[in-house]
Amino acid sequence: MTKISKIIDELNNQQADAAWITTPLNVYYFTGYRSEPHERLFALLIKKDGKQVLFCPKMEVEEVKASPFTGEIVGYLDTENPFSLYPQTINKLLIESEHLTVARQKQLISGFNVNSFGDVDLTIKQLRNIKSEDEISKIRKAAELADKCIEIGVSYLKEGVTEREVVNHIEQTIKQYGVNEMSFDTMVLFGDHAASPHGTPGDRRLKSNEYVLFDLGVIYEHYCSDMTRTIKFGEPSKEAQEIYNIVLEAETSAIQAIKPGIPLKDIDHIARNIISEKGYGEYFPHRLGHGLGLQEHEYQDVSSTNSNLLEAGMVITIEPGIYVPGVAGVRIEDDILVTNEGYEVLTHYEK
């Protein structure tokens, strides 16, 4: 069943007339056309009969025509009201309630004479949750490039270098491999600075005998990777190395349990129980992982409360961590494809 067919099914389920897609990445997902509209209206209208109408600034119309999108295009000038160019009466409209602003909702009520609204958020998340072969190939390439980023960063480590200098070196050097954008702000943290799970790289200088935490990802043809490695520089303290070994055991055990039909919470429990049994449970303050695709964090989450089942075609991260202030912060993260038989690890840099 096609993506549009799934939306039409949901329209029928909710007795709605059309769906209004406004998140730029979701518009891309359905149309193959990517835009960053800023404050301008950029939206896809999907009607119950399957008709698709893309609203975009007039200056982008020719680019849309060159894209895979084959539906109707409503291009508007900055001085025009887009809704006046496509007058409609839509009794019930499904919207992305997690994205649409109140101001834009008021425009829809006025412009399309909308009587009531429903949500289409979950349907879109469920669609994006299962990746096509084309999507998987792009994520696999993004993961390969993330491995290269770690390699670049590790080779640049030397006493006295700052966290920020390593970040800059990675992001500049990876451009030689065709990368134009990182998935998120690259994180490189030295020693016990990594005990802050979302620390900001700064002017701290690398010293011998401490760990270096790398958390990074790249975007390849719109799809993200997201990986973490914690690398020894010299010989860290005995406790720091013990923490590393516990995190590695937790990650390895969780990954090995991945296969279709397993509740996501069970995967979280495996890693969390190992860390807790070793006495570090209070130092593992976040979920085990999350979905990965057009965004670095997307549906679903690998958490202790998520009873949904793993399905073939999902791509998730597994990233246990232990963060002890004044001692060390260790996180190890891999990107995992759920296959019919079990799993495939997409990130490969040594651990």
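Cβ coordinates are placed from backbone N, Cα and C, and glycine is handled just like the others.
Since the structure is predicted, the reported quantities are computational estimates derived from the model, not experimental observations.
Asp226 is the only one of Asp192, Asp203, Asp226 that Swiss-Prot places in the Mn(2+) 1 site (with His290, Glu319, Glu333). Secondary structure at Glu333 (Mn(2+) 2 binding site), as computed by DSSP, is strand. Within 8 A of the CB centroid of the Mn(2+) 2 site residues Asp215, Asp226, Glu333, the other residues of that chain are Leu216, Gly217, Met227, Thr228, Thr317, Glu319, Arg331. Across the structure, Glu333 (Mn(2+) 2 binding site) and Glu319 (Mn(2+) 1 binding site) place their CA atoms 4 angstrom apart. Residues Met227, Thr228, Gly289, Leu292, Glu296, Thr317, Ile318, Asp334, Asp335 surround the recorded Mn(2+) 1 site, their Cβ atoms falling within 8 Å of the Cβ centroid of Asp226, His290, Glu319, Glu333, which are themselves excluded. The Cβ of His290 (Mn(2+) 1 binding site) lies under 8 Å from the Cβ of His297, Glu298, Gln300, Asp301, Val302, Ile316, Thr317, each of which sits 6+ residues away along the same chain.
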